[in-house]
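Beneath this line is the structure, given in structure tokens, with notes to follow.
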Amino acid sequence: MLISLTVGKVDAGVAVLLTQDKRLIEFPSILLPPNISSGSIVDITVSRNLSSEAASQSAFQSLQNEIFTTFGQRSPLPPVLRCRNATQTSVVLEWDPIQLATAELRSLSLYRNGSKAGSIPRPTEVQSTKISGLAVDTEYVFHLVLRTSAGTYASEKLTVRTHKMTDLSGITVTPGVLPAQLRDSLERAVERIGAKLIDTVRIDTTHFVCIEGRGQMWEKAVEMNIPVVRPEWVEGCEREGRIVGVRGYYLNADPRLRQIGQGMGVQNQEGRPSTQNRNSRTQQQPSPQQHQPSPPGPTESHGEESSVDGASHGSPTPAQPNGATTDTPTSPPPPPPPKDNYAAEPKRAGDEEHKVRREDGERLRKPTGGPSSSNSVEEAGGGHASGDGGSFSEVTL
């Protein structure tokens, strides 16, 4: 289509064109023919470029699809947590590489029983961790939390139970410097107890077994704080039927510190006997009743009579003095009635009482010297005799 326009004003950048119906159009001056001035008439042909329009539309749609595919369909994925190995006091966890898509990583944290246990360092590089210091035969729940610029994503909860002391399947042994015959013996022992044997030192290696402390693997085990023990430690676990301490099985440890199984007859070599030895020694010791001396006295019947008297009067009967005689028969007689208990008192105690009563009678008799005093003495003596249960005639003067 051809259009005729009149140039109204020409500037350095923009020209003002007038249509036939007196409309103003701003037009770039650089697109006008040269030597144009005010009042010039220019013809402009206008047409639609369909091919260029289609190409531009196609480019724009492609860009929109790329943005949608990159930022609209992909998003960070929740971590996938697994248990690689578990022992009596530790757990080794691992997970797949984290998928961030186009989001930015903020942090990756590990939670134990609902509480944060710590943050994973270098989450894009590290894919495993070891948790130590756990309780024996205890259940724990772990999960990971991934925080990104696109949101927070949590893994599924993983339930792990630590092993019992008799469960040796969690032991992972890495052999070091060992003779061929000793290595074969170690492999058979590890297989018998149900443990695992690997050729490299990894995060799930529980024990490094060797007889000499040298080599790259030994250095790596020491750097990772993995116990370095002798092959006898595996034999000790097999003999005990449970995991044993490593203190006596270090390369420079004293062999006397090692525990010996029940089949050897003792518990250890440090002087603590086994239960069987303690029981046998207890049986050899006589009971205290077998060595308890019999109560003194001429016959056993006298001892029985003393116990009865003590129960009747609340205090034991005095012992028979040396040289005193008794009419107790050889065979134990029936216990006497309570009224005769005082008659069984020792003679020596009665003599002392009688001597005191005579002295009192003489002292009372001297001031008076008459018959009435004798009667008073008799009455006084009778009072003493009746109170002590003795004979009245022995007291009267």
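Glycine is no exception: its Cβ is also placed from the backbone N, Cα and C atoms.
Automated prediction, rather than curation, is the source of TrEMBL annotations.
Marked as compositional bias 'Polar residues' by TrEMBL: 265-282 (among others).
The compositional bias 'Low complexity' feature in TrEMBL is assigned to 283-292.
According to TrEMBL, the feature compositional bias 'Polar residues' maps to 314-324 (among others).
Annotation comment: TrEMBL describes 330-339 as compositional bias 'Pro residues'.
Among the features that TrEMBL reports, compositional bias 'Basic and acidic residues' is placed at 345-365.
Per TrEMBL, the feature compositional bias 'Gly residues' maps to 380-390.
The domain 'Fibronectin type-III' annotation in TrEMBL covers 75-169.
Shown for the domain 'BRCT' (163-251): DSSP residue counts in helix, strand and coil, namely 34 helix, 12 strand, 43 coil. Positions annotated as domain 'BRCT' by TrEMBL: 163-251.
As annotated by TrEMBL, region 'Disordered' applies to 264-397.
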Model confidence over the domain 'Fibronectin type-III' (75-169) (mean pLDDT, whole number): 95
